[in-house]
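Quick notes on the structure that follows.
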């Protein structure tokens with residue numbers, strides 16, 4: 001069940017990210033491994049089982065990234081970035097929390113056009129782009145309460161299993177984190 005959102009600028013407990021090859025170290029449900037490791041479009045994969053999947057925007061703003069995001073993107077902690085947090089919903093239930101972080105947010109950045117994305121899933125755009133590069137996944141497990149702009153009832157008890165990778169167009173990165181909500185698995 002959703003609750004009103006609260007704003008976070010930093011996580012209370014930043015997750016510890018590990019390379020996806022170490023997935024056996026996560027205490028994650030076995031059926032989730034394919035989802036965490038699949039490099040194809042998550043949107044397309046979800047739509048196989050949930051054709052009516054939709055997007056609920058939680059936040060879309062210009063703000064400072066999390067410490068781990070700034071380190072991953074090799075940018076100063078004080079640098080503001082474009083951040084979009086959404087739920088991917090199936091039958092009215094949130095199943096994935098997705099967080100997009102784009103540094104160097106200006107008109108010369110090829111990602112700048114995403115400001116008009118609205119309620120469309122990011123995956124519909126990403127996987128249509130030619131010459132797009134993607135870094136290997138990193139994975140983690142953390143409680144739902146630790147993700148910015150994510151509020152669920154009992155979020156202190158709800159675990160998420162997440163993956164992140166960077167998409168690169170030219171010299172411009174886009175960091176995408178996708179957290180699978182345990183209670184919806």
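Using the three backbone atoms N, Cα and C, a Cβ is placed for every residue, glycine included.
What Swiss-Prot records for 84, 122, 178 is substrate binding site, and it gives sequence analysis as the kind of evidence.
The Cβ neighbour count for residue 84 (substrate binding site), using a 10 Å radius and every protein chain shown, is 21.
In the three-state DSSP classification, residue 122 (substrate binding site) falls within a helix. The record gives 84, 122, 178 for substrate. Within 8 Å of the mean position of their Cβ atoms, the other Cβ atoms in that chain belong to 85, 86, 98, 99, 100, 121, 123, 176, 177. The 10 Å shell around the Cβ of residue 122 (substrate binding site) contains 22 further Cβ atoms across the protein chains shown. Neighbours of residue 178 (substrate binding site), defined as other CB atoms within 10 A of its CB across all chains, total 22. Annotation note: residue 84 (substrate binding site) sits in a strand segment as assigned by DSSP.
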